[in-house]
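Participant: Take this structure, written in structure tokens, and hold onto it; I'll ask about it next.
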Amino acid sequence: MHKPIVLLILDGWGIAPKSRGNAIVKAKTSNFDKLIKQYPHSQLCASGSCVGLPEHQPGNSESGHLNIGAGRIVLQDASVIDRSISDKTFFSNTSFLHVLDHLNAYKSQLHFMGLICDGTSPHSSLKHLYALIEFARLNKIKKVYLHLFTDGRDSPQRSIEKIIKSVKAQIKKLDKGYNGVEIVTLAGRFYTMDRGKNWDRTKVAYDCLVGSKCQRFTSVDQAIKHSYNAGYTDEYLEPAIISEDGDYKQTRISDNDAIIFFNLRSDRARQIAKTFAQRDFNKKNPGSFKRSKVPKNVLFCALTDFGPDLSNNIVTAFQGDDLIGTLPFVMNTYKQLYIAETEKFAHVTYFMNGGHADPVFAEDRVMIPSPVVQSYAEKPEMSVYKITDYIIKSLKHKKHDFIVANFANADMLGHTGDFNATVEGVSHVDICIGKIMSELISRSGTLFLTADHGNAETMLTQNNEFNVQHTSNPVPFIVANHDKNLKLTSGNLGDIAPTIYDYFDIAKPEYLSGQSLITRKK
């Protein structure tokens, strides 16, 4: 049995100077501060090209966990697609051509659906939507219906009017006499991008997309004002059909139609995708909902891979390769546990191991349910104590000797925009850091502590407006155990795994480009 190792990922815990909007500095973090004071530590880059994202783009949980697990910089889907647009291969993509064949064969409608944001979201890119519109224009598709998901988390909370104005202007610029694009649905990501199996939310979005039940407005502005007047931000925008002349039925997703879903990340795309693409939907998703209408023979095309359980029902435009040599592969002589609450379970498993849906070396996976609340500000501790209790129990019983855990609080609460709740959530996380560290010390174990990206450290903009977006700030990296005879240099998230391998004399795969950050003291 190896001495225990815990890799603890504090989701959304970035490093920034003390300020009115820094919830991490404001919180009670005596245990974290003690680690910084007593143990070797450094800072890691977790955004932009450091993690395979487009330059200057803030980090996110998917890229963060992929890079941590891979031990190298992993080129992200957004960068791959951007390159294909630049070199024009995007417009001859075989999946998009398959969509064309389907439309021609059935004389049916084309729908683009996905999140629109101000350019900083990890979930989508307007650049990709505009390229799809250009593809439709070049191929003389008569009409394209846009079902747009509003953000309010990776974009300012009430920015959709500005974003829509920008989208309309760009569509007009691309049009070149085409005049075939129409915005027909608006819906907040709370409904369209749930990943916590809150099927009641997904049902509201689905009913609107197929037209069985949904409020209707004659303009985008009218729909936005309706939700704003009710006190909702963009994230919670009530799903709405947009129809200037009131004839909305032809704009709904119907038999033989084709959908291109331009979201990038699978974690928040899979749940709504299943309602259209998954056969035996109710059987495979216990506790879901009975679909009011089930359009037949719908061709569903995704930009990125949504997982093997959907691969037979979805056409994937940019099929990523599963990574080999990730943490679970290399740590195969250890008894491994990967644990998180619902919100971050996919990240600590599927993304951490390089895109493999199932365990690769019999590692255990545990998902602790996230609390079912309208906003996590109602329960800032989320499920962090339950995760901690499980880890400590495992350490006491020597069930696992390599544990990877994610604490979601700083990120999920940072997204709420509720500063006080975020401060409280971070304080709960700190208590749990102390509990885990105490247990590891008693067993001569090692804690590797880091984060996947920033968020809670910058909750106010320079104009003192709420900031609920991820940041490009660096994240902490701490190595804590009895051995203090080392120093750590700065690096990227992809250097964490090689550092673990180096410290414990585990052979690093040759193809890992990440480097150990350990510098021994002389």
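Backbone N, Cα and C atoms are what each Cβ position is placed from, and that goes for glycine too.
According to TrEMBL:
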DOMAIN    3-506  domain 'Metalloenzyme'
BINDING   D11, S61, D452, H453  Mn(2+) 2 binding site
ACT_SITE  S61  active site, phosphoserine intermediate
DOMAIN    81-305  domain 'BPG-independent PGAM N-terminal'
BINDING   H123, R153, D154, R189, R195, R265, S266, D267, R268, K344  substrate binding site
BINDING   D411, H415, H470  Mn(2+) 1 binding site
Participant: Determine the most Cβ-crowded residue among the binding-site residues H123, H453, using a 10 Å radius around each Cβ and all protein chains in the structure.
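Facilitator: Result of the Cβ crowding comparison: H453.
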Participant: From the binding-site residues D411, D452, H470, pick the residue whose C-alpha lies nearest to the C-alpha of D154 (substrate binding site).
Facilitator: H470
Participant: If you average pLDDT over the domain 'Metalloenzyme' (3-506), what do you get?
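Facilitator: Taking every residue in the domain 'Metalloenzyme' (3-506) and averaging pLDDT yields 95.
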Participant: Identify, among the binding-site residues D11, D154, D411, D452, the residue whose Cβ has the fewest other Cβ atoms within 10 Å in this structure.
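Facilitator: Per-residue Cβ counts within 10 Å for the binding-site residues D11, D154, D411, D452 bottom out at D154.
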Participant: Just checking: which of H123, R195, S266, D411, H470 have a Cα that is within 10 Å of the Cα of H453 (Mn(2+) 2 binding site), counting only these binding-site residues?
Facilitator: D411, H470
Participant: Work through the binding-site residues one by one (D11, S61, D411, D452, H470) and name whichever has its CA nearest to the CA of R268 (substrate binding site).
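Facilitator: The answer is S61.
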Participant: Go through the binding-site residues D11, S61, H123, R195, S266 and tell me which ones have a CA within 10 A of the CA of D411 (Mn(2+) 1 binding site).
Facilitator: D11, S61
Participant: Using DSSP with the three-state reduction, classify D11 (Mn(2+) 2 binding site) as helix, strand or coil.
Facilitator: coil
Participant: Work out how many Å separate D11 (Mn(2+) 2 binding site) and H415 (Mn(2+) 1 binding site) at their Cα atoms, rounded off.
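Facilitator: Cα-Cα, rounded: 12 Å.
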Participant: Please find, for H123, R153, D154, R189, R195, R265, S266, D267, R268, K344 as listed binding substrate, the greatest distance between any two Cα atoms, in Å.
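Facilitator: Among the residues the record ties to substrate, max Cα distance equals 17 Å.
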Participant: Tell me, how many other CB atoms lie within 10 A of the CB of H415 (Mn(2+) 1 binding site), whichever protein chain they belong to?
Facilitator: 24
Participant: Tell me which of the binding-site residues S61, H415, D452, H470 ends up closest to S266 (substrate binding site) in space, Cα to Cα.
Facilitator: S61
